[in-house]
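Chemist: Take a look at the following structure, please.
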Amino acid sequence: MGKKRTKGKTVPIDDSSETLEPMCRHIRKGLEQGNLKKALVNVEWNICQDCKTDNKVKDKAEEETEEKPSVWLCLKCGHQGCGRNSQEQHALKHYLTPRSEPHCLVLSLDNWSVWCYICDNEVQYCSSNQLGQVVDYVRKQASITTPKPAEKDNGNIELENKKLEKESKNEQEREKKENMAKENPPMNSPSQITVKGLSNLGNTCFFNAVMQNLSQTPVLRELLKEVKMSGTIVKIEPPDLALTEPLEINLEPPGPLTLAMSQFLNEMQETKKGIVTPKELFSQVCKKAVRFKGYQQQDSQELLRYLLDGMRAEEHQRVSKGILKAFGNSTEKLDEELKNKVKDYEKKKSIPSFVDRIFGGELTSTIMCDQCRTVSLVHESFLDLSLPVLDDQSGKKSVNDKNLKKTMEDEDQDSEEEKDNDSYIKERSDIPSGTSKHLQKKAKKQAKKQAKNQRRQQKIQGKVLHLNDICTIDHPEDNEYEAEMSLQGEVNIKSNHISQEGVMHKEYCVNQKDLNGQEKMIESVTDNQKPTEEVDMKNINMDNDLEVLTSSPTECTRNLNGAYLTEASNGEVDISNGFKNLNLNAALHPDEINIEILNDSHTPGTKVYEVVNEDPETAFCTLANREVFNTDECSIQHCLYQFTRNEKLRDANKLLCEVCTRRQCNGPKANMKGERKHVYTNAKKQMLISLAPPVLTLHLKRFQQAGFNLRKVNKHIKFPEILDLAPFCTLKCKNVAEENTRVLYSLYGVVEHSGTMRSGHYTAYAKARTANSHLSNLVLHGDIPQDFEMESKGQWFHISDTHVQAVPTTKVLNSQAYLLFYERIL
């Protein structure tokens, strides 16, 4: 009989745990029970030994009023030292002291968790019997040797009496304040607004810095109270015009992430706790994004995006469930007809989430062909703006557009300049280390050619947009000229007189390519960014300035007022036959044309179109002058200027213009074989803000890639306390009064990153202030005031996890900002 094997004994796994932590290999070397038991005899618990010997321990009266740093016990020798969140970091210094054997295992005397400095990770002591016995022994010794309340000396009794006197005085002062508050209307003063520290849950400074700024966003707290109300009834307009009554839905309670966020904001407003532990909120974030689990270095901007996107997804899910319940179907299996109905109601987007109502804005990308001056607009929503930060080296690499020529030398130069962008494609691991230099160079050149061809194909495909991939909105409006199209395709034009501003609409729909003269063709195209982007193609021509807005591309490809569309062999849909009978009165000037094609009353399900003209020169106009910020390269205004600068599309970036392609096919130089050749033209492109968000979040892209390496740009970027966004907004920016030429924002939060990419620390600057009533009315009720409200005064605080300190405004403006939080001044 052989002996039984004991090495292969497995440990039962607890299925209830979400993640299985790896076993630490340093438990045997980091534990010494004999030395630990000797050191714990007659010891003062929860006091740093080094701070005590350095005479840095304060009096007991001061000690009880202030928060103590966390104390960690070395499981090798019993040394007690303050944690890494304190100023001295004696526990970490004790580990770094060179010894023959490592003192790497420490035990927290606050929450009884074990940490290994070598692994830089938490150790589950339940996975090791020896470690579990040591932790249990230390906990028993700590509970036995701590003094009981009855065993107090006279000094402690005197301190308690002083405390009672102070508490009685505080109660009297509170009663006076309550009486004053009853007599006078309640006003939120900055002194009453509290700023509290957040416990570090293990390299979670990136999370704490963002949450400090969100806790100082009063609009978010007010809107979350409205979201949490049970039994909320919301009305959604029907997608079909035949259905006149809106759909009433009853929303369920919000999701777990939203509830955890609301609970966290309420805890931050309580006056009892000095330090808040956001464990529940962080665990909900980790459930949405597993990448934040563990104790690795993370990015605060990514955390903010995952947090906001997660709450927005929960709100959309609430609406979808409410629509299903309204149709009387609560089962998981749905038929196709009901699925299509739910999708149609969801596309209405009449219920924006609270995230979009606070942080949501809109960008408009304007592209104009230099030959036919056709303008197309693409609208994209955003929650924050990521701005480029140019260092001294990248600022010198400027390319002159006039000197660009189609030569092999320029192509090689372009490939060298684009090396940084292709660094993820050309990884070191792709080339074997054992090959010769000649083969390595050959492989690099081949990778460059493939990457360049791939980029060209993506750019060419990116200029065409698939009609069925765009989410659109019905937009019926009263216009100057109405044209009713019957089933035979006849058009009758009626003229009225309205100002030109009445025809420009602020809701955008569509994905219709350019309408030129009597015939037009809609190309099926691909949008590489978002399938739900709303695209507004404003087709402005010098001959017949027309703009087409489609309300439902999927339906218009099937039936356009009785004119069925033909589908080409390559999948493209031609609707030129549907517009052959569309004739305009020659007596009318192009600047006075505005046609609305209404659906026939006898044909249910047909869609609404409108054709509106606009001056192409105003497409690139802004609310205010922007050239002033081109000189100051070290300011946030210059970063916004670079983000919204006017670009020229040349050479490989040329625009595929449908109008010019159509003209060439119909012109004298048309191909005799009937083949249709695409025409690529030079164009101008600019991206501007078309919807100013109530809370503006700016992200400075300091972490950049240089070749195969990653680096951080430590350049100081100046940012003002009052920011005017008007130079970067479109001329017809929404949420801005007509006569206002300023879009002002006030700074209230900064996230700063100090250190390097490998080892850094996030801190926050937050401004405790009174709530902006005009901003609350805009978010809650949609009211846009005519006059500006004065900037709310307050006190700035610097928060580093649990450490909170009041600072002047100059220190805030001199910080190395990574995230900036601005609120709208209305």
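From the backbone N, Cα and C atoms, a Cβ is placed for every residue, glycine too.
As listed in Swiss-Prot for this protein:
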ACT_SITE  HIS761  active site, proton acceptor
COMPBIAS  149-181  compositional bias 'Basic and acidic residues'
COMPBIAS  394-408  compositional bias 'Basic and acidic residues'
COMPBIAS  421-430  compositional bias 'Basic and acidic residues'
DOMAIN    196-825  domain 'USP'
MOD_RES   THR557  phosphothreonine
REGION    146-190  region 'Disordered'
REGION    394-460  region 'Disordered'
ZN_FING   22-142  zinc finger
Chemist: Write out the long-range same-chain contacts of HIS761 (active site, proton acceptor), meaning residues 6 or more apart in sequence whose Cβ is under 8 Å from its Cβ.
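Modeler: Within the chain, HIS761 (active site, proton acceptor) has Cβ neighbours under 8 Å at CYS205, HIS753, SER754, GLY755, SER800.
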Chemist: Where does HIS761 (active site, proton acceptor) sit in the DSSP three-state scheme?
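Modeler: Assignment for HIS761 (active site, proton acceptor) reads strand.
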Chemist: Could you tell me the mean pLDDT over the zinc finger (22-142), as a whole number?
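Modeler: That region's mean pLDDT is 82.
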Chemist: With DSSP as the yardstick, break the zinc finger (22-142) down into helix, strand and coil residue counts.
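Modeler: Across the zinc finger (22-142), DSSP assigns the residues as follows: 46 helix, 17 strand, 58 coil.
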